[in-house]
Amino acid sequence: MRRQRPSVATTAASPSLEVYNIIPIHDFLTEHPSLRYPEVRAAAAALRIVGDLPKPPFVDFTTRMDLMDWLGLLFGFQIDNVRNQRENLVLHLANCQMRLQPPPLHPDGLDPTVLRRFRKKLLRNYTNWCSFLGVRCHVTSPTQSRRQTNVVLNLRRELLYVALYLLIWGESANLRFMPECLCYIFHHMAMELNKVLDGEFDDMTGMPYWPSFSGDCAFLKSVVMPIYKTVKTEVESSNNGTKPHSAWRNYDDINEYFWSKRALKSLKWPLDYSSNFFDTTPKSSRVGKTGFVEQRSFWNVYRSFDRLWILLLLYLQAAIIVATSDVQFPWQDRDVEVALLTVFISWAGLRLLQSVLDASTQYSLVSKETVWLFIRLILKFVVAVAWTVLFSVFYARIWSQKNKDGRWSDAANDRIIVFLKLVFVYVMPELLALVLFIVPWVRNWIEELNLGVVYFLTWWFYSKTFVGRGMREGLVDNFKYTVFWIVVLASKFIFSYYLQIKPLIAPTRALLNLKNATYNWHEFFGSTHRIAVGMLWLPVILVYLMDLQIWYSIYSSLVGATIGLFSHLGEIRNIDQLRLRFQFFSSAMQFNLKPEEHLLSPKATMLKKARDAIHRLKLRYGIGQPFNKIESSQVEATWFALIWNEIILTFREEDLISDREVELLELPPNCWNIRVIRWPCFLLCNELLLALSQANELCDAPDRWLWSKICSSEYRRCAVIEAFDSIKYVILKIVKNGTEEESILNRLFMEIDENMENEKITDVYKLTVLLRIHEKLISLLERLMDPEKKVFRIVNLLQALYELCAWEFPRIRRSTPQLRQLGLAPISLDAGTELLFVNAINLPPLGDVVFYKQIRRVHTILTSRDPMHNVPKNLEARERLAFFSNSLFMNMPQAPSVEKMMAFSVLTPYYDEEVMYRQEMLRAENEDGISTLFYLQRIYEDEWVNFVERMRREGAENENDIWSKKVRDLRLWASYRGQTLSRTVRGMMYYYSALKKLAFLDSASEMDIRMGTQIAPEQPRSYYTNDGGDNTLQPTPSQEISRMASGITHLLKGSEYGSAMMKFTYVVACQVYGQHKARGDHRAEEILFLMKNHEALRIAYIDEVILGREVEYYSVLVKFDQQLQREVEVYRIRLPGPLKLGEGKPENQNHALIFTRGDAIQTIDMNQDNHFEEALKMRNLLESFKTTYGIRKPTILGVREKVFTGSVSSLAWFMSAQETSFVTLGQRVLANPLKVRMHYGHPDVFDRFWFLPRGGISKASRVINISEDIFAGFNCTLRGGNVTHHEYIQVGKGRDVGLNQISMFEAKVASGNGEQALSRDVYRLGHRLDFFRMLSFFYTTIGYYFNTMLIIFTVYAFLWGRLYLALSGVEKIAKDRSNSNEALAAILNQQFIIQLGLFTALPMILENSLERGFLPAIWDFITMQLQLASFFYTFSMGTRTHYFGRTILHGGAKYRATGRGFVVEHKKFSENYRLYARTHFIKAIELAIILLVYAAYSPLAKSSLVYILMTISSWFLITSWIISPFLFNPSGFDWLKTVYDFDDFIAWLWSRGGLFTKADQSWFTWWNEEQEHLKTTGVWGKLLEIILDLRFFFFQYSIVYHLRIAEKRTSIGVYLISWGCIIGIAAIYITTIYAQKKYSVKEHIKYRFIQFLVIVLTVLVVVLMLQFTKLTVVDLLISLLAFVPTGWGLISIAQVLKPFLLSTVVWDTVISVARLYDLFFGLIVMAPVALLSWLPGFQNMQTRILFNEAFSRGLQISIILAGKKNT
């Protein structure tokens, strides 16, 4: 915390000393790579055209100041805001001018086209706002003139408009969430700017016009602060978001106030602070909710998506009418046809319901200023009533006429026609909507007209809103998603009719026709059996309303898989398939990643597109031989090798592969005069041996035949040639120059070359000798690799080789004289008796690393018999290589050069999560002796081995040395395998690394690229470099030279740094970094370390400055200055107040957004990662912004995610599989064909300058926007944006790995969806999207959660219905009187439909099949089932249902920190109970009691098979809900831990607690917290909760009549007497509790006496009743099943009525009984856990299920060692 205001010294500092962010615009004389670009100078020079602008008074306006400074002084903007936006504007204009096609004639001057396009884009929302309100736009168009003066003035004016908006935006802080509020501010400030520019005079003073406010921080104090304080006051009045949304204004309400002209009239300019808009006005007189009122109710789901529910309900009605008739088709019977007309009455009734809901939820919008809204609400209600009455009357007239005539007479038919005419009038608006749906562009055009007549005509249907207009898609997209939904709906309706509705008609009739049926209890509603019929139909209707979700899931999976197939996903699924296509892969990489020159003519562009398509086809299907082209061009081969090797070396730096695997995978640069591409060793393995065997077999065949056989494999051909050329080079290399031996060898090789050219090899040589030569060559290479280098052995081997080649290899053996004559034998030596090479060996020195590396490569080629299918061994490396190679064969835009690419930023919000794992955290052991490091070593076993190998190469002798010398490396290794900030930063900085290297390759000459094959000494580079890692370790020379020989880094010239910095910025919004620094938190030091090692990283944080009693807040940007070697502050912009008014994460993003740069911004969360090879494709992705998808260009580019936490545990795998299918197949279908993809995944890329003036990249209103990300997608769609999805690039993503973490995450998302259901965004999308897109939107957002809840409700309805039918006696009567099994068939059909939920696994299976193959996908699915994945998914369904339902009903949504750590510790029973008691355990116990009672009293249950078939899915649900928290809990079934857990649970339960006691310490605190949502819920929420709790009384009502003591009496008295028993039990309990409180401490004997008396009396009463009544012991046991649920129902109702009971004696009793119930529930849940813990071997099996084999084995060993240690 700072204690004084920081001095603003930026203006006084000399230009050279001023701190800059990316480019030093303040001083063009500075040596900086970016300043070499003329475009940067041009943009900066354009800002300097101040000219004759009026100088601000009382200020020294120096020549160094530019237009930004002038605006800053004119309106009182902060200096650092001016500096920040100056760089933002200059960078953007320079980047735009670089991309301009054709290039400008004068590159040193700013092209007006660039500025004009930017101004139109940036101010498009403002001009639309002006048009919407019908006010004159204050951005005046430049005059069309060619005079130089006018051109300059026009350019300056446009610059001023753009700069003014950016300055307003840059200082508006929280107001940035309110884009139309910014439009209002800009509107008036632009008006004032125009007056100043036009030289107008002030009417009041007669002086030249000057803005209404200016001076230091004038804009902040005069404009931003008043509006900010109003927002702050409203948020404070919300009681931290717990008050109903309708009671206070959020960001959206305040923003939508500016959608009407009343804002202009009320607020005026300068702002009238006395306006009732501001918080200066009392709450009662202040402007209320605007545009929409969020009311908490389940009816919101109907109200927002009424068209869907109308369709479903009307079809249900029609289907029941047709099914109950005796005709096959409705047109066969006029009665049925007329009966079907009732659907219009229902339709009108549903419209009436909609109007009632509208009026009851939106009434608070009505005020004096919104009278027309009130009129519309009333009129809608009146008209809906009128239509309902009209339809009813005219329908009744039809039947009255028919009944009167006794037949369908002409008069009756005429009345039908009149009714149909009425229907035609009623559906006319729908018919018009249908026409406009068929021609969507007409509707878009009409909605965007902003004409009064349009508003007048649409006033009845829609409120006038600024958003939600012109949202229709193009005709092609329309057709695609319409066909999709027609097929889905047709399938659903056919299935529903034949398998849901029709089978129930016969049982329904049978029930209704039952006469003289006697119920087992007192029946209040007679014996019509309507309740029984309702119970029979209720689950069917619920399934009918829900199963469209299942049909959507099935068809979307099929469509998604088909689209993926045609997108060429999964064509390269593994390394083996990569090997087959590697030769085409090199061409594909150049085709996609190497930029080409832009063609200027459109015709040439079309030709180029056609040529590209054909070339991509050739690459994909292997047509032609593109690698021939590479072979002939050394530059292109080296270009590919440099990129490929950089990827492989990155893998090594990440410890995914070993040093040996690097040698096998890398593609060495050409050397040793080798004539072919030197493919990686893993491709050439075994090929040479195969060629030798072919040569041995075909030793007598012609040369051409043998060579064609060898050339059938490209890799074999290259292996043979490379081996020959390499051996030739090596042998000549180790023989001294100028010796006789050298000339012999040269002549020998020359002879072989001549015979090869003349195709005489098989004629001249005995190819069978090749195998012996091969053996000798292997021995020679092994001797060369031997560190001892025994020369005499090398001499012997060379001599042996010489003899083989000179004498035995030729078919015709030559004599020594003949050999001497040919120059193949020495003249001075006797070849027969003396050895050659004795004095001719000259071995290269040991320091010649490249030579010996190549020797190892040749040795590998010669010796390898292994096909190397397991290279690389690491699964992640294999998957990444496969995906990267596959993606290059997919369709993607052509990459531009780095200079011409779109610039972008990455933004990551960070609060206080782990930056790096600390040493003590890695070493800390849990109760099993398992440390985090041990866990990681087992989970990532091969990566640990690679890490140790790297550390040994860097100086560590053993693993102990790593702890002492390489601690930071160790911490980084562990952090890179967790979900830490350091992992995210490393991943995102790969963008910077990739751009630098691509920039070099773009601009490199042929000579520069050829330099890649040469070795030049340079200063050693840190292994973790500034562009990819985080350490200062120096590598060994051997490693460095290896890196230099094959990578790009050593070739960089320095200018690439400027290119990369101009195109990429990474900002991490570390909100509390200032606080971390102030208190010396380790995270501050670690963040500084990250900045130090990543030059493109910037940290934005909030700084609080205390000035006496006041606190000022600043948004600060810092970087690490590499020259000064310290952190420096770049910008400090004052905020109007505390940052957090709404949700924390979007507020954090928003404050840092002003420091981002570029055309695009990628939102990355802190649990994400990136890869170097994916970063290479970012240029391609950004080009998609220029392509039209449908009728619009994209504003969000959706990016695929790769979940990297799948290997941690089985739970993580289940979560990963579920998430992967959602972020790939799910998003693919949403984008195309459904066109409703929003913003789900964090790595999506936003069009920055599209979102910047439209509210930013998220929404931040408290509670309602708790799922802040998706609202960016909603906002984008409502404002006419377009969201696409691209799968040729992926970003890593971590997911929660423990059940408790996952459950909290599911709770957070489900609660967020509950809040979305109330939001205005969902309501508007539900009404403004066309019908089929609305269906897509519903079933992929809140509909998924709503239908999940309906599935659980269906189980409840089914079981409660069966219980009612069994206990009432209806089931027995129906069974006795009916011989058919139709009722049973209907029941089993319901069960079958419930079990259709299995189809939700279909997306996962299909996506896996697509990307990994069908059999692996099926095997994975089977493995998951064996690891009990179904338990997990069923358990998650319960979590989603509970939190979604509770949030809609009561609220209480909040951000839940799930944690990012590893789950290796055992969770105690009490913790699991606290988390899942209300969400799962109690619900499961309730269902279990229902099933037990049903089993006892149902006649159908007497047949065990029928009972099992009916209830198996329900028992599975109960089992999974109770056992899952322990099944997926490490050591969940360890007997000793279970015993300790029980003791801990009892201690927690009886802990008294206190004022500051936490929930994990005391049951009482937890119990109170569980009721928090009931404090904030409304009257309707409480009433519905009480109604739902009444179901518990049904047990008592139904069971007491079945007791023997009741003697089959059915009077109401039996039930009332049972309540007397409950009162008696309560009295006994209260007496005992009272006695305990009064006497247990001081008068203990009296307390014991009262206890004894109560027990004796109770036992006496029971014994007397057993003796003198028909009460039995069984009755007593069964009574428990009756009274226990009643007690729980009473407690649940008491909790709702807490405000009334809190001050009474009753409340203490409620608490006491509730504690006993939780003890009872806890024991029920503990019982199966204890049983399974007692069973031998079950714990080991559970560990194997939960973790992979390596960790399971390690865990057992660790426990054994821990036991030995303890003994």
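Including glycine, each Cβ sits where the backbone N, Cα and C put it.
Across the domain '1,3-beta-glucan synthase component FKS1-like' (156-272), the prediction's mean pLDDT works out to 89. Residues or ranges marked as domain '1,3-beta-glucan synthase component FKS1-like' in TrEMBL: 156-272.
Among the features that TrEMBL reports, transmembrane segment is placed at 308-324 (among others). Among residues of the same chain six or more beyond the transmembrane segment (308-324), those with a C-beta under 8 A of the stretch's C-beta atoms are 302, 330, 336, 339-340, 342-343, 346-347, 350, 493, 496-497, 501-502, 505, 541, 544-545, 548, 1334-1335, 1338.
Residues annotated as transmembrane segment in TrEMBL: 445-462 (among others). Residues of the same chain lying 6 or more positions beyond the ends of the transmembrane segment (445-462) and with a Cβ under 8 Å from any Cβ of it are 131-132, 134, 372, 376, 379-380, 429, 436, 468-471, 1327-1328.
Feature annotation from TrEMBL assigns transmembrane segment to 483-501 (among others).
Residues or ranges marked as transmembrane segment by TrEMBL: 552-570 (among others).
Sequence annotations record features per position, and here TrEMBL assigns transmembrane segment to 1344-1365 (among others).
Positions annotated as transmembrane segment by TrEMBL: 1386-1406 (among others).
Residues or ranges marked as transmembrane segment in TrEMBL: 1418-1436 (among others).
Panel annotation: around the transmembrane segment (1481-1500), residues 1355-1356, 1359-1360, 1362-1363, 1365-1367, 1371-1372, 1375, 1384, 1438, 1442, 1473, 1506-1507, 1510-1511, 1514-1515, 1517-1518, 1521-1522, 1592, 1595, 1598-1599, 1602, 1678, 1681, 1684-1685, 1688, 1721, 1724-1725 of the same chain, lying at least six beyond its termini, place a Cβ under 8 Å from a Cβ of the stretch. The transmembrane segment feature in TrEMBL is assigned to 1481-1500 (among others).
The transmembrane segment annotation in TrEMBL covers 1506-1528 (among others).
According to TrEMBL, the feature transmembrane segment maps to 1612-1635 (among others). Panel annotation: around the transmembrane segment (1612-1635), residues 521-522, 1596-1597, 1600-1601, 1606, 1646-1647, 1650-1651, 1654, 1658, 1679, 1682-1683, 1686-1687, 1708-1709, 1712-1713 of the same chain, lying at least six beyond its termini, place a Cβ under 8 Å from a Cβ of the stretch.
Proximity of distant same-chain residues to the transmembrane segment (1647-1666), defined by a Cβ-Cβ separation under 8 Å and at least 6 residues beyond the stretch ends, is recorded for 1605, 1628, 1631-1632, 1635-1636, 1638-1640, 1672-1673, 1676. Feature annotation from TrEMBL assigns transmembrane segment to 1647-1666 (among others).
According to TrEMBL, the feature transmembrane segment maps to 1716-1735 (among others). If you look at the transmembrane segment (1716-1735), the same-chain residues 6 or more away from its ends with a CB under 8 A from one of its CBs are 1469, 1473, 1477, 1481-1482, 1485, 1522-1523, 1526, 1532-1535, 1537-1538, 1542, 1545-1546, 1549, 1563, 1567, 1684, 1687-1688, 1691.
Among 552-570, 1344-1365, 1418-1436, 1506-1528, 552-570 has the largest number of CB pairs under 8 A with the transmembrane segment (483-501).
In the domain '1,3-beta-glucan synthase component FKS1-like' (156-272), helix, strand and coil residues by DSSP number 79 helix, 2 strand, 36 coil.
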